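Engineer: Take a look at the following structure, please.
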Amino acid sequence: MSLEDAKNQVDQAFTRQNLRGPSYENTFGGATSFLRRRYTKDLAGVDLAVTGVPFDQAVTNRPGTRLGPRAIREASALQSPDAPYGWGYDPMSEFAIADYGDLAFDYADVPAFPAALQAHIAGILNAGAASVTLGGDHSITLAILKAYAAKFGPLSVLQFDAHTDTWADDNMDRVDHGTFMYKAVKLGIVDPARSVQVGIRTDNPDTMGFHIIDAPRVHEIGNRAVCDEIRAVLGDHPTYVTFDIDCLDPAFAPGTGTPVWGGLSSAQAAAILRGIRGIDVLGGDVVEVSPPFDTTGATAIAGAHVAMELICLWGWTRRAQT
Ligand SMILES: [Mn+2]
C-alpha cells in the first residue's frame, strides 16, 4: 500500500473522493459515518441523504433515543462493504448517498423543534435528494411527513410499530411520540386508506382508517402473505416508510423506550422489507433506538440494517425507472 493509499483508505467519512462506491477501510477503526458515506453538509449531486435527529423529549416512558443516531452509525460499520444480501444490486455504488450529519436544535426549546426539523428535511428534498432519518423518538416523523407532503402531496405511510401512534391529540402544538400519526391524518398529509401499519400489539380502538396487520396476524399468515397485503394497499402510491424499532420483539430489540412482547423477529422484518420491493418509497426513518437500554447492541444493529433496507427499497424503484 502506498503512502497515498494509506492516507485515503482511512476515515472515508472525510477522505473519500466519490460519493459512490464501497469503502474498504478497516471496519473497526476510523471516523464513523453511516456506512462510511461522506459526512458532508454539501448536498450537490446527492441522491439520498442520511441524517440523524437526536431528539427524545417526546417520550412517554424510557428516554435515550437522542443517542440513537450515533449508535446506529457505529453499528452500520459492522455491515459488509459488499452489496447487501438478497438484493442483487449495491445502492451504495449505484447512487450518491451521503451522511448529512445531525439536525442542530435547541434541546431546551421543544416548541421550536418541529419547525427546525421540517426545514431540515425540506432542505434535503429541495436539493433534489431523498432522506433516510435516524431517530430520535417517533414524534420526529410528523415534521418529516410535513416536509414530504409539502413537496409531494398526501402520502401513503408504511409504519412498522408495536403502537399505532394514533391516540387522540387535538393540540397541534404538543410534541408527543404517541400521537403524531393522529395529527398526520387530521392534517391531511397522510392517506390512511392507502397506508399500512404492521406489527401492532397495543390496543387503540380508533384505527383512523389505517390498514392494520397486527403482530398476531403477521405470525399467523406469514411473511409472504404480509407482503402481498402491503402491496395490495399501497399499490404504486408514493410511500413514506417509518420503522419504529419496537415493532421488533424485545428479544431482538431491547433498547427501546416502550418494548412490547409478541413482536416481529429480525428475520421476519428482513423478509418483509425485502419482499415488498417495488413499492414507491420516497424516504423513511428508523426511530426509537435507545442505546442506554440496548444491553447487547442488538437494537442498534437492527436499526442500522433497517436503514440499509430502506435505502435498498428506495433505490430499487428508482433504479427500475432509470
Ligand atoms: Mn411508534
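The backbone N, Cα and C atoms fix where each Cβ goes, glycine too.
Straight out of TrEMBL:
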BINDING   His138, Asp161, His163, Asp165, Asp244, Asp246  Mn(2+) binding site
Engineer: Which residue, of the binding-site residues His138, His163, has its CB surrounded by the fewest other CB atoms within 10 A?
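Structural biologist: Taking His138, His163 as the binding-site residues, the minimal 10 Å Cβ count falls on His163.
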Engineer: Based on Cβ atoms within 10 Å, give me the single least packed residue among the binding-site residues Asp161, Asp244, Asp246.
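Structural biologist: Comparing Cβ neighbour counts within 10 Å for the binding-site residues Asp161, Asp244, Asp246 gives Asp161.
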Engineer: Around the Mn(2+) site formed by His138, Asp161, His163, Asp165, Asp244, Asp246, which additional residues qualify by having Cβ within 8 Å of the site's Cβ center?
Structural biologist: Gln159, Ala162, Thr164, His177, Gly178, Cys247, Thr258, Val287, Glu288
Engineer: Which chain-mates of Asp165 (Mn(2+) binding site) that are at least 6 residues away have a CB under 8 A from its CB, listed by sequence?
Structural biologist: His138, Gln159, His177, Gly178, Thr179, Phe180, Met181, Tyr182, Asp244
Engineer: Can you check what DSSP calls Asp244 (Mn(2+) binding site), collapsed to helix, strand or coil?
Structural biologist: strand
